[in-house]
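J.: A single structure is presented below for examination.
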Amino acid sequence: MSIRIDRQRCVGCGKCAEICPGNLIIINENKKAFIRDPRDCWGCAACVKECRFQAIKYFLGADIGGKGTIMYVKKENDLLYWFFEKPSGEKEVIIQNPNDNTTY
Ligand code: SF4
Ligand code: SF4
């Protein structure tokens, strides 16, 4: 498991840096987020949920059965949309109400 930050999408808001429990994310002088060392990330996904610009992608490695699937999150109308993109291009979306953990 690891994350990748898309610098084209990143607007430098700093929310991911604030939420990371390990202080692993830094905003550089160009107002772009980067992770100091991806090997230190333990995959809590807090930054993925916090980013409103889908700039952070989470890789579900083969070691946990993810086979290279990429996960990212979009928030709309207080609902979280969890996108899963398989290497084949197939997509799955799980919609979650974070207030009561209901999924649709
Ligand atoms: S939360 Fe997203 S847009 Fe904001 S700094 Fe982090 S990666 Fe960039
Ligand atoms: S997944 Fe968790 S530990 Fe890893 S960079 Fe994001 S907030 Fe930090």
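Just so it is clear, glycine is given a Cβ too, placed from its N, Cα and C backbone atoms.
Heads up, TrEMBL stuff is auto-annotated, nobody curated it.
From TrEMBL, for reference:
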DOMAIN    1-30  domain '4Fe-4S ferredoxin-type'
DOMAIN    31-61  domain '4Fe-4S ferredoxin-type'
J.: Which residues of the chain, 6 or more past the ends of the domain '4Fe-4S ferredoxin-type' (1-30), have a CB below 8 A from one of its CBs?
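T.: For the domain '4Fe-4S ferredoxin-type' (1-30), the list is 36-44, 46-48, 50-61, 64, 66.
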J.: For the domain '4Fe-4S ferredoxin-type' (31-61), would you mind checking the mean pLDDT of the predicted model?
T.: 92
J.: Tally of helix, strand and coil residues over the domain '4Fe-4S ferredoxin-type' (31-61) according to DSSP?
T.: 8 helix, 8 strand, 15 coil
